[in-house]
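Features of the protein shown, as given by TrEMBL:
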- C:64-114: domain 'NADH-Ubiquinone oxidoreductase (complex I) chain 5 N-terminal' (DOMAIN)
- C:130-419: domain 'NADH:quinone oxidoreductase/Mrp antiporter transmembrane' (DOMAIN)
- C:6-22: transmembrane segment (TRANSMEM)
- C:29-50: transmembrane segment (TRANSMEM)
- C:112-131: transmembrane segment (TRANSMEM)
- C:137-156: transmembrane segment (TRANSMEM)
- C:168-187: transmembrane segment (TRANSMEM)
- C:199-224: transmembrane segment (TRANSMEM)
- C:245-269: transmembrane segment (TRANSMEM)
- C:275-296: transmembrane segment (TRANSMEM)
- C:303-325: transmembrane segment (TRANSMEM)
- C:331-352: transmembrane segment (TRANSMEM)
- C:373-392: transmembrane segment (TRANSMEM)
- C:495-516: transmembrane segment (TRANSMEM)
Amino acid sequence: MNLHAVLTILVFSPLLGIVILAFMPKQAEKLIKVVGLLATVPALLIAIAAYLHFQWGKDLADFAVSTSWIQFRGMGGVPEPFFSVNYELGLSGFQLVLVVLTAVVATLSALAAAKFVKKEWKGYFMLFLLLEIGMLGVFTAENLILFFIFFEITLIPTFFLIGKWGYFEKEKAAYSFLIYNGLGSAVLLIVIMILFGKTGTTNIEMLTKIIADPSAPLSGDLKLGLLISLLIAFGVKLPIFPLHSWMLKVHVQAPPSVVMIHSGILLKIGAYGLIRFGMGIFPEQFKTLATLIAILGVVNLLYGAFLAFIQTDFKMVLAYSSISHMGIVLIGLAAMNEAGVQGAIFQVISHGLISALLFFLVGVLYERTDTSLIENLGGIAKGMPIAAGFLLAGAMASLGLPGMSGFVSEFMAFLGLFKELPWIAAVGTIGIIMTAAYLLRAVLGMTYGKAHREFTGVLDLRGVELIPVGVLMLLIVLIGVFPSVLSSPLQTTLETIMLGLGG
Amino acid sequence: MSSVPASAFLALALILFCIGLYGALTKRNTVIVLISIELMLNAVNINLVTFSKYGMAPSITGQVFALFAISVAAAEAAVGLAILISLYRTKKTVNIDEMDTMKN
Amino acid sequence: MMENAWLIPLFPLLSFLILLLFGKRLKEASAYVGILLTLASLVFSILVLFERFSEPTYITKFNWLTIGDLHLTAGFEVNQLNALMLFIVSLVSFLVHTYSKGYMNGDERFPVFYAYLGLFTFAMLGLVISPNLLQTYIFWELVGVGSFLLIGFYYYKEEAKAAAKKAFIMTRIGDVGLFIGMILLFWETKSFEYSAIFAAVDAGAISGTMITLTAILIFIGAVGKSGQFPLHTWLPDAMEGPTPVSALIHAATMVAAGVYLVAALFPLFAASKTALLTIAVIGAFTAIFAASIGLVQTDIKRVLAYSTVSQLGYMMLALGSAGYVAGVFHLMTHAFFKALLFLAAGSVIHAVHTQNIEEMGGLWKKLKFTGPLFLIGTLAISGVPLFSGFFSKDEILIAAWEGGHPILFLLALIAAFMTAFYMFRLFFMVFTGEARGDQKHVHESPNNMTYPMILLGVLAVIAGYVNTPWFGSFLGDWLVDGNPALGHGHIEGPIWIMIAATVVSLAGIYFAYMMYYKRSIARNTISGTGDTLHTILLNKYYVDEFYQLTVVAFTKGLSYFLRFIDVFLVEGLVKGVVGIVQGLGRTGSKMQTGQVQTYGAVAFIGLALLAVIFALTGGYLR
């Protein structure tokens, strides 16, 4: 069977929705929501089919596609060969799980948007679908130029989604987002151009081979410089400690459905880039930086945890908690062994699911009570037992309770780092305690205790709202109990990375 | 005739150009500035004609170009003066220092 | 049967899931779901236990998680200790399920309560059949959550909220120790399997320092879970949960998990003298420390809670003195009599609606079943001869003496005296004398509450006879059978130890009798010299306050300091960059004068510069 068109259809399937939406009247609220939601479904189905395709033992390379796209001659009249950029999409195990995550979270976020977005649905869903194209493209692109284009496609819709549909300081948050990420992608572009100029290719696989070759026209210092640049470019996205302040604003000001996508998927692009390009292309240099990355990871983990401990707004708690959890990704990567890297990847997926769940709940709470301040919310377990239950379960997943996805990733990341840098890892374990402390403080503060005020007419989760929380919770528990659903696609990716690392 | 070297023509063009440039950048009267620009154009014309005669590949192209430049310069002068007159009518001045509407 | 032991934890899990999804519709019938499914667990556990008497250890595993070349497994193991624990846990859980039907009757979150009980029982049963450290850790955390949920069951009470939070965080501090220890051990042996770890220890593949380090780290986990000093303060606060929960989790099963862990990993601990000594010292200190606090508390459940802490200290002391059998034996007897005491206390609370013993008194006649059952429990815990606690406590004292810790032995003896004293103080104040509070509606509890207590009462008496110096140490021999690393089934000790233990416990009872029944000794005799000692004990040595002032304050302080950095340094840096860019922009825009001639001059200079560069470099920047 010829499967080469599958990925293209997968990535661009939301485009159909955009086109249909473009011809719809602005006022047709219901219809717009239905179309917007349905437009995310094909990608979801294809992603699931691809996952099953893998689980049935077939080769993921079936999906790879490559056609020539842009070609131009070398500059300066020197008779150099053609510089060519191909249109290349592909799917490794790592990419597969990210694509599935993206498709799932996107559909659920569309569902959330249908619930929470109160104005201009048409514009919202068109931008949203464009964003989905960008995200799916980022995770399937097989060359750097294509990756960069999709990367930029994610920025613009996000900017408008935050700036137009957010809360009070939405414009500020949107600009903050754009400037930081714009700078990050500028650095990324420079790296890509240098690599392109020096090697003449942007295909990731070929780049990996060329750079591993000692006769490559790149000095060690240049490679190190490029890796550090990548660390900065993706560090903005992840975010790594001093580059995080934009992300707090976004988490607080953006509408919940966008934050689900943002925290669930967009932040993960940073981790994906670090693993795929940082570690994949520059394994040797990554080794030299391992200690630094481990320290950055622990700093992220603790810094986020301690700051989350004193926040008064639950959204801020979650924002800092994201910083803290991304620290675990760095910790896992710094370990540079199978356990660590797999832990980092698990954390990427797990945090995507958990933060999508928690931000959806925040959206529900805000819709019902007009507040997300912990002290204003106390005692909602009485009025909204189901929401409170899911909130608690989400917090438990987030603090790494065994049986849920958070534990598996945290465990593997630390397992990996303890082998290589036990002292740094030992410091990092303080984060495990702090995570429990700040999450329980926040969640119990909101749900348990005496109700500070009467929430008249406050309704519990019902109907459609149960779908996102239910699906996400199910996935979280599934990964926690049967981690092999996630680890089996990752094994080949891990082997490739380990091969690059030389053992 | 051939005793006059190319460098003399070029030097003349250079001097003309410099005078024109100096005038264009320093004179306050807009009419003088326009005249200075004409000087620079003519310096270029001299260069063109020079190279059409003494260049690496002498041909008629340079002289044709010079003719083109002369005709364009004439058109330019006409348009420029027209703009100048309408400016004078609105601003009551030909002083170039006072024409800073680009700033706003 | 043993190959089906994995079903035992799954029954309560099923109960949890059913009640979580359909609890609202089942309402009161939820209790039957819970009771029947735990009964199934109990029946299976008994069958497994009996089969284990005659058959060897059963162990099975499957691949759980693949990390490159590493294959982490999950599975289950039925060895002696596990089989015994299965029985104890499922029995107490079943009894508590039954008891709760009466105790929790009328609570609006009745199904939720049973769901949580199911979750906890699942986790606890899963914990005791884990064949490897990782799986143990997984269930270890899950029991913590079960405990957390049940402590916070009355979620609208601020105290319950605080207690639940405290329990979770404090045990988690211990868990991190276990977590690190487990991972360090893994990299030493490349396996989480107990058998592989013991084999490596045996073969001397792990360095002595590493064994000590990992053993102590794992013990920190046990300290957290078992409420040992210095992580004990959560356990008394956990009494905010419903009383059946205190009986199940905070007396009989979960808090004993720490002891179970040390017992399950005993060959590792036994390989390090330092680790054993640490355990013994912490255990003995906790035993006397908690007992002394128990002397003055006035909340019936808190007295029992401190007594639990103290008794767990005893078990640790036993294990630390290489008395594997003594520790496990006491774990078992304690599970029975402490569960009995808690259930009886629950029955008392159910009757008088207060937990303050100053407001009770004279209940002996009104509570015909509860009173005698409470007395049985009290006699057992005080170590009065012929009751179960006597035999197990005796074993511990012998182990401590023979283990070569005379000072710790002395501490344990004093703690035994205190235990007898405060337990009888409790008994006399609750059941004898004048009624001090409003007792108009006092009534005996319904049958489904008394029957479990009666069964536990019987066990509290007879459970000791499975391992006695007189009729043979059946339990001990069976426990260590085929595993020489665990020590002997029975340690012969001098006879005077048994006499001393008896004298001490009777003395404690006598003093309590004189002080609280006869009242011939004033209640403030001990603290008569001043109220300082009394105040210190009443305030539990100010440990909580100490933590509040140090750890909590430090954490908060650090957090605020970091926020300062976040707001001023990180944001400030960003603002600085923004300022520079803005300043540059302003300067640039000032240069836009609108003067055509200036622009022309600048353009010309630029052109000239380019020409110069071109001339100097020959065209390309290289």
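Cβ coordinates come from backbone N, Cα and C, glycine included.
Comparison of C:137-156, C:275-296, C:373-392 by number of C-beta pairs under 8 angstroms to the transmembrane segment (C:199-224) places C:275-296 first. Away from its own ends, the transmembrane segment (C:112-131) comes close to residues 5-6, 8-10, 12-16, 19-20, 23, 30-31, 33-34, 37-38, 41, 59, 61, 75-78, 81-82, 85-86, 89-90, 93, 96-97, 100, 104, 138-140, 142-143, 145-147, 149-150, 153, 193-195, 242, 245, 248-249, 253-254, 257, 260 of its chain (Cβ-Cβ under 8 Å, at least six residues beyond either end).
Contact between the transmembrane segment (C:303-325) and the transmembrane segment (C:245-269) is present: at least three CB pairs lie under 8 Å, with pairs separated by 6 or more positions in sequence. The average pLDDT the prediction assigns to the domain 'NADH-Ubiquinone oxidoreductase (complex I) chain 5 N-terminal' (C:64-114) is 87. Long-range contacts of the transmembrane segment (C:137-156) within the same chain: residues 109, 112-113, 116-117, 119-124, 126-127, 130, 163-165, 167-168, 171-172, 175, 178-179, 182, 221, 225, 238, 240-242, 245, 249-250, 253-254, 257, 261, each at least 6 residues beyond the stretch ends and with a Cβ under 8 Å from a Cβ of the stretch.
Here the domain 'NADH-Ubiquinone oxidoreductase (complex I) chain 5 N-terminal' (C:64-114) is broken down by DSSP into helix, strand and coil counts: 29 helix, 13 strand, 9 coil.
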